[in-house]
Structures are given as C-alpha cells and as structure tokens.
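Engineer: Would you mind keeping the following structure in view while I ask a few things?
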C-alpha cells in the first residue's frame, strides 16, 4: 500500500463501532451531528451484509480521521477488531488521526482486556472460530495500543451525552480544517483580514447575537473573505447557511425562496414549509433558539432584504453570528451592527497577487518590473483588478503590456467595467448625477466646497454625498473627496457614452441631443473646441472643463455657448500655469460674448479676455466665480441677484477699477482681489457681507483707504500685505484671527487692537513708518505669532505685563529697538529673533528659570546684534534646537553651553573675535563657523562620543585660517572616530540601506589630504583595484576627501556641496553606481545672515559614509564580486544642481572603514592618533577602551600617483594601520 497523508485522503471520517451497542443511540447521534456540520462519515452497514472486507479496508485507508467507539460488546466482534487493527496500521503508515471514545466502558479494561473485554478471549476458538492465535494476539495488542490514544470518555451515568456528541463533532470539524489544505494560497492577505474580522465576531461571547457587516467597494473581496470564514467556522455551530449573491438572486427568484432555503438549511429540514413569510421567524422561534447558528447574507443592497431574511436578533440563540457583506455601510449602521471595512491590499500584497496571476510566481520577472509597477499604480490594491489584469497579461510580451496600459488610461478593462458598473446602476438619478459630477470634475476637492456647488435649486446634496461614501463609491480623506482611479475611469466612460454617441460628431450631437437621456460632461480639449467653434451646443451639456495648455490661439464666436441652457460648470484653465502666473490668452472673442447660461453655478476662466461679463447673464445660481488674470474692468454695472455666490476670485485683474454688484451677495465667504493694482477703493456695501470670512487685498497698490469700519462679524482673515498706499488702518471686526499688514505705510495700530480677542497672527513686517505698538499688546491672549521684522522706526517694545501663553513666534529683526522691557512674560515662546539691531541688546531675559522664562524656546536668532558675551546660565534653555549667533563679537562660550542637549543647529559665522570652542553638545548635527578668523583651538573631543553613536553631523570651519595643527588634527580625528562608531552601530542594527548624506562631514582650510588616506590622486577622479575579500562582513563604509581650490568664489545661494559619483565594477564588467555628499553647507531658511560666504583659498572637505549598498548586491559572502572602484568628485550649489566652474577639485582620496580587529585596536591605542579627553565632565560618556573596541583604522591598498605616499606603511596582507 502506498502511504499518503491525511490531507490527501478522499473521505472525512470512518466510524468503527459495535452496532448492537450504539447504532441507535450514541453512534447514530454522532453521525447526525457530523452530517449537520457537512462532515462525510461512513458507517459500514452495507459492507457488513456483503462481507466485503477489502472494500471496507479501502474506505479506512482513504479516510482522514477514524473514530472508534469502544462499547461493552466491541471485543465480541471479529469485524470490529479487524477494523481496529487496520485503523492502527493506517495511523502508523498514513498518519491517520484516530479518536477513541470509551462509551460506558473503563479505559483500563480495554487496555488490559478485563471484564467485558476479557470474555471473548477466554475461549477464543468458540468466540472466533477459524481465527489463528497470531491474529488474536494482534487484536489484543491493538486494543492495548488504542486505549493509550487521547480520546473521550462517556460514563455509565451521563446527563450531558448530547453535549458531548456536539463537542466531538465540533472537534472533528476543527481537526479536518487543520488537515485540509487552506485553499488560501492564491488569496493574498486573507489571513490578516480573517484575524481582524474574528476579533469583531467575539467568538467567546455565547450570550449575545452578533451582527457583523463586511463593507467595501465592489471587487474588494468581501464575499471571498466571508466564504473563507464560513468554511473555517461553520462546524462550530449547530446550523449554518451561506446565502450568496442576494442582490441578484432576490430579483430572480424572490426573497421568499431565499428565506425557504435559509430556514430549511439551518434547521436541517428539507421538507420544511415556511408558510406565510411575514411571521415565519416567530413561528420557528423555538427551533431557531435551540441552535447556535452561523448565517452569511452575501451582497445585500437593501435594508428590506436584511429585515426579511434575518428578522430580529431576539429570535436567535445567544452565541449565533450573522455576517452581512455589502457595498453600503449605511445598511449596517441601520441595523446596529458592527462594521469591518475591508481594506485594499497593501503594496507587498498587491505585488504578490498580481505576480501569481501574471507570472505564476510571487515576484515579477526582472524585465517586467517597471511595467508591473505601472499596473500596481493603476489597480491601487484592488484584488479583482489585479487578478483580471494579471491573467490578461500572463505570457504576453512587453509590447502588449504597454498597449494595454495605455488603453487603461482612458478605458476600463471589460471584465472590470462590468463588475464596477453594477454599483453605479443601483444609484438613484440624483446619486448618479452627483457621482458623475465628482468623478469628471471635482475629485480631490474639499467636501464642503463640492457640496455647495452641487446643491441645485436649494436642494441639499450633502446627504447624497454621504450615501456615495456609504456605498464605497467615494471616500473622504482630510475632508477631501477621493475615489479609486478605476471608478473614475468607469464614471467618465459612462458620462461620455462613447460607443453610443460618438461625441466627436458635434453635428449629430447638435441635431439629436434632445434624444439623449443623460447629461453630457466634456473635458477633452479637441471635442470642446469643435463644439465651441461651430456653435453646436445642446441643452444636454452639463459641464465643460477646457484645458488650454496644449491649444493654439483660436477665435470663438460671440455665440459660442448658445444653446447650452443647462450648463452648470464651466472651467477654462491652463494646467501648465501655476495659480500666480499670467495667463496667455488663447481664446479670442473679437466680437465679445453674447451669451452665458443662467444655470451656471461654477464659472472659472483663467485669463478671461473681456472687460465685462455679458449684460444678459443672470448670476442667480452662481456659487463660485473665479476670473484671475482677467481683463475685467468691472464685474457688472448694476446690482444683480447673487444670493448663491460664496466665492469670488478676481486676483491680478490689473484693469479692475471697482467691484460693485456684490451688495446682495449675502452668502459671500471669500473675496480675493490680490494684485488688482487699479483698484482704488472698496464699496461701502462690503459691510453688508455678513458671512465674509476671507478678504485678500494683497498688492492692491492703488488702494488708499478702506471703508470706515469693516465691521462684518464673520471676518477671520484680512490680508493687506503690500498695499503700499494704505496709510491708515481702519476699525475692523474684533473676531479677526489673521491680520497681515506687512509692507503698508501705517504709522500705528489703533488702541482698540486689544479687543481682538481671537487674533492669532499679526504680521507688521517692513512697516517702515510704524513707530510704536499699543501698551496693551499683552491683552492679545490668543496671539500665536507676531512679526515686526523690518519696522525700522520702531524703537520700543511694550512690556508684557501678563503672560501671553499662546505666543510662540516673535520676530523683531532689523528694528530700532534699543532696550528690551524688564517684563517679558512669554512662557510658551518657541521662536525668537532679534537680528540686526545696532545697539548692545541684553539677552538675559531669555535665560530665566523654567517657571518664568523660556524653557520651551527651540529657535533663537541673535545675529548681528553686537553681542560680546552669552549668559553663564545659557545651558538652562533645555529645549533649544537652533541657535544663530553669527556676526557678533563673542570671544568664547560659557561652560554651561554643552548642557544644551537638544541643540542640533549652531551658526557662528563671522564671529571674528571667537578664539576657542569648548566641548559642544552631544546631539549637535550642524556647526558653521565660517570666517571665525580668530579661532585657534578646539576642544578635544569636539563633542562627546558614545559607542552607540547615531547623530549625523557636519562641521564647517571655512576661512578659519588661524586654526592650529592640533585643532585640525583633533577635528579630523574626532570625525574619524565618530563616523566609525556610527557605521559600526548601524551594522550592529543590521541596517542595510544606503544613506546619500555623510555620517560625518567636515571642512577646514588646508592644501593636503591627511596622509592616512591610502588611495590618493591629483585631480577630481580616482580609480583603484579592490583587494580580495575587501567587502567582508566587517566592512562598514567609506572615507572620502578632496581639496577644493576656490577662485574668488562667492556663495550667494547659501548652498554648497561636494558630491561624489561612485562606481563599483564587477568581474563581468557590470557595475553599481551611487551618488553621495562628502560635505558642504545648506543654510536653513531660518538663517538670517545677510553676508554671503566668500572663499579664495584651498579647503579640505572630508566625509564618511556607510555604504551597505554594495553588500546588498551580492549578500554577506566573503567572496567579493566587485573588483574595481572609481570615484569622480564635483561641487554644486545644491539649488540649480549645476556644477560650479569657479571651484575646482584638485586632489581626492579614499579609504575603506571596517569593524576593528584586536591587533588594530591595540596598535591604534599605541599610536595615540587622537588624545580623547576624559576630563570633560559627565557629558563625555565614553571610555577610551570602549572606543577602541569599536574603532579600526582604514585599510586597503596603499597607492599614490607616482609611488607610495609618505606616511603609509605596508603590512604583509596589504592592509595598513593609520598612525
């Protein structure tokens, strides 16, 4: 007999029992319980009568589980005993599962053949005539063996026999599930989703009926998930039923037939007649409550279906579970069920599912990786799309793939379209219109904005939008409406009805448009141009979005929009033009425009070419009017009904003289007149705009005054920036939150400013005439940001008598303030800037105790303010992250400076009196000491080091010509050790990425690369052969260095980097390329230095980088596949990415970094490269032995152009130790 595993067996359960004892009681009940759970159990009645032992043994061999019911007379039957021997043979050879049940017999009696199990063997020749002694011995051994298998015991007096039968049946079902192949191999991601779903089902709760709704868009896998759960769990219930595809089946055969099927299945009664369906649940309540049920209602789309089929929870036994799959989450909310929103596949799962279908593998073929990514981007984790497209593209060439992907940009795949369209067909007419409008025109827009636009004739569509969300056709993300790309493509196809109409046949559309039963939405530029130039509009056209970016200039008739009486959305724009750019007029209306539809709710026309809007246009339905960069001189010359208007944007309409006609815009919320340079005044009726929230008058340079008191109480944002003719600030609403007055010529703020209780941002930057601030400034309790930079006549800052606990940003650069007030209660200040003051300003106020001062200060800018000393207690600024002291007269830093443990960015540029630097904070990432021309000495170490070092850092000492040799050696040595500690720490964390920025970078004035760089060359490029086993497990990175010659270089961009392009070449001439940065500077936008950086001499730039990328290519083996490396260096301004020609790399060098070896560590200690001071206090948290344990010098071939470089000593194995 061939052995086989239980999982490959054909049948479920074989029952071995003594019929005389248990056929009509225990075994009969057990077989029924198994059958109820869909388990095929075999009883050998027929085979006994035919005495067909061979067929019986064949059935035993092909069963997954054998259940043996030992009863009083079991051992009296030779047939049973032969079954038992065969079962145990299969257990040994096929790993068949065996479950013994000791039915009212003692387990030890079976094992030792005592009592009723001893009787048959006392006179075997009488009990078993013709049976050999050898076979009888095998029976005894089988009884003894079987009795030692874990099983069930039914005692003589048992009141819970029925419960035990159910327990055995459930356990058998579980065992069969464990034995069977999962069937989920192709169902990627199913296990994690099953796990999440089971948490909601609360299996342990046996007192409550739980209803769970699996919700998701069509094709996302709801039915598949429910089916997997049903197959796995149904055996644990007394009854179960899976009603598939209720949406379709209820229409075909009716709900009554589905209810009949449900009841007959869960009650296990094929002949059941439910009678009148109205009260069927009540009639069968007793029977329903007698069983724990598992019911799945699949693809439900109507609440009536749930109520009809499920009834009420009170009619079911506690512990029952009802699972509903639906596209409409609102249905689950209505019946108070729990929702499980089925997520799309993540990137890894999507790649696997697609690859299984397209390549019969878990990963794509290498040559199809790019095309595969395009498919994944299209499908966005949708299982149905991934399977359909994978099957379609399987075994196709790349040309077919490219053609298919190109078609998918505008056309759905047929099989996908058919499934998706079912969701659309279920919508009401109003829901369809809203869905198509969103898909064609308003995807990714703010939900409140879209709702306002789509409201038609006073009908609120917010409920419709919610319905579409509930039906999984759209989603809300950050309050914006989104949808799956495939749904949008389907919607556009439905809207165009390309195959039915032939939209490009404009004449047909004009003649037969009245036969169309749908609204037309147009966005194809060619179609729209044909329509407009020939004046063939129809009242079926609902929306036009015309992108002019690819159009040539064209003339339009004055009647271009004639006949489009139901046009609601009109947008003419240039997708290549940013919001602020001046429009190129491509649509010319030489004879003006005689008609615009009165149904317009949305009118956007970037660069509207006319001086006015058609006189006959009635804007009663207009909600959004955007005509930026237009030629308008006025909107309309008389008052019109604009009660629906909410948004108006006429920005950069340089000919606009007045904006009358908005007096009746009682719902207007936003008015943007930015850049309307001809606008001299606003109408007084602006005070009638009771809902106005936002008013932008930026750069209205002719605007001299505002209406007396803009008292509209709703105004939150007022922008007057750049209104250079505005001399007086009027009274405005006290509810304003953002007030921008920068660039105006106002001389003062009104005393009533204190009443602006909600003001959060006040910008007075470059108000050159402003001389004083209100003494009650501190009463602005909500003020978060105050900008006074450039107020050159402002001499006094008022006292802050009470804590302004909301104020976080205070900028006072380039003012005439000579003294700071004694009282400055700013407990929450985070950013303070006082750059460019001419006097000696005291900054002691910033270093108060945490309870009074600025313990939360993170950014402090004090450049060019004549500071000569910092307070000794500066270390108390525990939150400080950025500090700018450039251009001051500081000679040294206080000892407490290294207590600034959160300091990351430190700017000391142009501190020309600074002579030395102490130990700096441990977490410092960026230090810029450019042109500290008196700087001679540096602390050693410059920052504390730790064995687990992780802080990347860049130290710039350009133009520090007095930096002595010890300081340079200390800087280089510190950078070396820090970088190796970091690289080693990364290796220990099993980091396998590649960081394009340096672990440590430094720059200082010098003409030579340090001698321990064993690979050096003149010029900007370097090529070296790599020694065998160079990339062993201890390799951690590269050290790179260059000398850059500057020829009167001036860095106006404040960005500069030395870059390297590296190539590691394989034996087969293939190579791996990567780019990274050695060192440089990139001044943050918060840097307020006015001086540009000038360099005229040679400087050394050095960078250390972890380079695990080369390991990724060939793994961790000691056999390195790279045999040659080359490096090319260049400099760039980091803004334009162009190389700087006035800077030249004249020398370059490279060394390899490794985890240390013992002999290297000892030698490094002896050479004493860097004297690591251990007397820097508690912040210097490392021991020299610890450092040496983690540091090993660079090694490699000691090569130099023209011979060995002095200072490099060659070791036997061609590895060197740096001295």
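Backbone N, Cα and C atoms are what each Cβ position is placed from, and that goes for glycine too.
I grabbed these lines from Swiss-Prot:
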- 83: active site (ACT_SITE)
- 197-446: domain 'NB-ARC' (DOMAIN)
- 216, 217, 218, 219, 220, 221, 222: ATP binding site (BINDING)
- 468-493: repeat 'LRR 1' (REPEAT)
- 538-563: repeat 'LRR 2' (REPEAT)
- 597-619: repeat 'LRR 3' (REPEAT)
- 620-642: repeat 'LRR 4' (REPEAT)
- 665-689: repeat 'LRR 5' (REPEAT)
- 690-713: repeat 'LRR 6' (REPEAT)
- 733-757: repeat 'LRR 7' (REPEAT)
- 759-780: repeat 'LRR 8' (REPEAT)
- 804-827: repeat 'LRR 9' (REPEAT)
- 854-877: repeat 'LRR 10' (REPEAT)
- 878-899: repeat 'LRR 11' (REPEAT)
Engineer: For residue 222 (ATP binding site), which of the three DSSP-derived states applies: helix, strand, or coil?
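Structural biologist: In the DSSP reduction, residue 222 (ATP binding site) maps to helix.
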Engineer: Most Cβ neighbours within 10 Å: which of the binding-site residues 216, 219, 221 is it?
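Structural biologist: The most densely surrounded of these binding-site residues is 221.
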Engineer: To see if you understand the setup: which same-chain residues, six or more apart in sequence, place their Cβ under 8 Å from that of residue 222 (ATP binding site)?
Structural biologist: 214, 215, 216, 298, 299, 325, 326, 327, 342
Engineer: Do you know offhand how many angstrom separate residue 219 (ATP binding site) and the residue listed as 'active site' by C-alpha?
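Structural biologist: Per the Cα atoms, residue 219 (ATP binding site) and the residue listed as 'active site' stand 50 Å apart.
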Engineer: Taking a Cβ cut-off under 8 Å, which residues six or more beyond the ends of the repeat 'LRR 5' (665-689) line up next to it in the same chain?
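Structural biologist: The answer is 642-659, 695-712, 719.
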Engineer: Can you tell me the mean pLDDT for the repeat 'LRR 9' (804-827)?
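Structural biologist: Reported value for the repeat 'LRR 9' (804-827) is a mean pLDDT of 88.
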Engineer: Would you mind listing the long-range same-chain contacts of the repeat 'LRR 11' (878-899), meaning Cβ under 8 Å and 6+ residues beyond its ends?
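Structural biologist: Same-chain contacts beyond the flanks: 830, 835, 850, 855-872, 905-922, 928, 944, 1084, 1086-1089, 1091, 1176-1177, 1179.
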Engineer: Name, in the order they occur in the sequence, the residues of the same chain whose CB lies under 8 A from the CB of residue 217 (ATP binding site) and which sit 6 or more residues away.
Structural biologist: 327, 382, 423, 472, 473, 484, 487
Engineer: Within 10 Å of each Cβ, count the other Cβ atoms and name the one among the binding-site residues 218, 220 with the highest count.
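Structural biologist: Answer by Cβ density within 10 Å: 220.
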Engineer: Across all chains shown, how many C-beta atoms besides its own are within 10 angstroms of the C-beta of the residue listed as 'active site'?
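Structural biologist: Excluding its own Cβ, the residue listed as 'active site' sees 25 Cβ atoms within 10 Å.
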Engineer: From the centroid of the CB atoms of 216, 217, 218, 219, 220, 221, 222, the recorded ATP site, which same-chain residues not already listed sit within 8 A by their CB, in sequence order?
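Structural biologist: Sorted by sequence, the hits are 327, 342, 382, 383, 384, 472.
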Engineer: I need to check the long-range neighbours of the repeat 'LRR 7' (733-757): which residues 6 or more away from its ends have a CB within less than 8 Å of a CB in the stretch?
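Structural biologist: Cβ under 8 Å, 6 or more out: 698, 710-727, 763-774, 776-777, 779-782, 787.
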Engineer: Sort out the residues at least 6 away from either end of the repeat 'LRR 2' (538-563), same chain, that have Cβ-Cβ distances under 8 Å to it, and list them.
Structural biologist: 433, 437, 440-441, 509-510, 513-514, 516, 518-523, 525, 528-529, 531-532, 569-577, 585-597
Engineer: According to DSSP, which of helix, strand or coil covers residue 83 (active site)?
Structural biologist: helix
